[in-house]
Amino acid sequence: MGTGAGGPSVLALLFAVCAPLRLQAEELGDGCGHIVTSQDSGTMTSKNYPGTYPNYTVCEKIITVPKGKRLILRLGDLNIESKTCASDYLLFSSATDQYGPYCGSWAVPKELRLNSNEVTVLFKSGSHISGRGFLLTYASSDHPDLITCLERGSHYFEEKYSKFCPAGCRDIAGDISGNTKDGYRDTSLLCKAAIHAGIITDELGGHINLLQSKGISHYEGLLANGVLSRHGSLSEKRFLFTTPGMNITTVAIPSVIFIALLLTGMGIFAICRKRKKKGNPYVSADAQKTGCWKQIKYPFARHQSTEFTISYDNEKEMTQKLDLITSDMADYQQPLMIGTGTVARKGSTFRPMDTDTEEVRVNTEASGHYDCPHRPGRHEYALPLTHSEPEYATPIVERHLLRAHTFSTQSGYRVPGPRPTHKHSHSSGGFPPATGATQVESYQRPASPKPVGGGYDKPAASSFLDSRDPASQSQMTSGGDDGYSAPRNGLAPLNQTAMTALL
């Protein structure tokens with residue numbers, strides 16, 4: 001039993017020895033959390049912040065600012081479970097003054113302005129169940145607009161304001177939503193968003209200038225400068241960072257100009273549409289056709305090439321063609337060329353293709369086939385037939401003297417022989433006699449125009465006078481009853497090709 005009684009006594013002895021060691025470890029242990037300090041500002045938290053601080057811990061830290069300046073302390077968060085500040089508290093002390101202790105039951109000021117440039121921060125904890133501890137920021141008296149790392153855009157209602165962020169706010173727990181272009185949701189942490197936007201650095205902190213405006217439906221998130229921005233939903237307000245020289249007028253001018261240009265464009269469009277429908281009596285016809293916009297000559301317009309295309313109006317071209325056709329139809333068509341001569345003027349098919357009578361009288365050797373004297377009161381051209389027979393002209397046939405005997409008297413044609421002694425004057429319509437056996441004379445037109453049979457008009461054999469009788473030849477010449485005179489001497493007979501073309 002001694003052994004049994006000695007066992008509990010040994011355990012009690014061990015507990016008595018270890019308890020002071022445990023208490024000494026908690027008391028001497030580092031109970032400080034996140035600490036970032038710079039020349040003018042810094043941030044300090046309890047251990048595990050914003051989680052529960054540990055039991056029986058001590059955190060002691062001396063902070064200073066340049067000499068000649070005073071310290072400004074701001075408590076962003078203080079959550080200590082103790083109500084009497086006996087074992088858990090926060091205390092600030094300087095060479096001349098002491099501030100605290102502060103705990104859950106005591107009123108804690110948000111800001112402390114000290115009369116010195118140095119202060120000692122002491123945080124102690126005992127046995128507790130919950131509590132976040134504290135978050136402290138500080139800065140020199142040069143930055144009276146100091147804010148903590150937990151300040152959000154929704155905490156301020158001014159449209160434009162400026163604040164000073166201390167060093168060390170990047171790793172403080174808290175979310176931001178948005179980006180530099182669209183702005184940040186008003187629930188975002190100001191100093192953390194400023195680091196995300198690149199306005200300040202986490203090691204030094206700095207001043208930020210903010211502009212509060214109407215919120216948007218969605219905020220895009222991204223990672224920048226070691227800070228992750230999350231996607232955000234619709235919010236009533238948002239804030240944007242501006243440069244120090246930028247004011248509200250500078251930000252509002254682009255929006256106002258855009259709205260003014262939009263309204264001006266809509267007004268001009270409405271006026272142009274109204275003028276196009278109703279018309280403007282004070283504007284020229286060209287302006288009404290093209291609207292109210294004037295033609296603008298561009299300085300870099302391409303010059304017109306030297307090549308060009310001539311276009312014709314189809315209607316004008318058709319009108320000219322019809323005029324030409326009408327004028328051509330008014331004249332007589334060009335007859336076929338007979339013999340070796342060239343036709344120099346237009347005439348009817350029934351008109352002799354010789355020169356004027358004036359020229360025939362002057363030169364009897366001029367080119368031409370026939371000399372037809374005109375009687376007064378008669379038309380120069382052949383008249384249409386008065387009966388219903390087919391209107392065909394009597395073919396004119398010239399043959400060589402050697403073929404004269406091939407035509408019979410029944411065919412309606414008679415080939416006269418040469419008359420070496422008979423002469424005719426130009427006034428009587430005659431021609432000089434043939435000089436050789438090869439020269440031929442033409443055929444006389446029958447006195448009666450009535451054809452013997454159907455088909456072509458053929459002169460009857462009995463209607464011809466004997467061409468060898470000078471008396472009958474003289475009588476025919478003086479009569480001039482629309483007959484053809486004999487051809488001039490010296491004309492070559494028609495060849496076989498010309499005869500085929502005539503027929």
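A Cβ is built for glycine as well, from the same backbone N, Cα and C atoms used for every other residue.
Features reported for this protein in Swiss-Prot:
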- C32-C59: disulfide bond (DISULFID)
- N55: N-linked glycosylation site (CARBOHYD)
- C85-C103: disulfide bond (DISULFID)
- 143-239: domain 'LCCL' (DOMAIN)
- C149-C165: disulfide bond (DISULFID)
- C169-C191: disulfide bond (DISULFID)
- N247: N-linked glycosylation site (CARBOHYD)
- T406: phosphothreonine (MOD_RES)
- 410-503: region 'Disordered' (REGION)
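Everything Swiss-Prot records as a feature, shown here on the structure.
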residue : record         : contacts (Cβ under 8 Å, 6+ apart)
C32     : disulfide bond : M44, T45, S46, K47, C59, E60, K61, F123
C103    : disulfide bond : I80, S82, K83, T84, C85, D88, Y89, L90
C149    : disulfide bond : T43, G76, L135, T137, C165, P166, G168, C169, I172, G174, L189, C191, K192
Seminar exercise, completed: According to DSSP, C191 (disulfide bond) sits in helix
Exercise. Which of these disulfide-bonded residues has the least crowded Cβ, counting other Cβ atoms within 10 Å: C59, C85, C165, C169, C191?
Worked result: C85
For this session: For C165 (disulfide bond), name the DSSP secondary structure in the helix/strand/coil scheme.
Result: strand
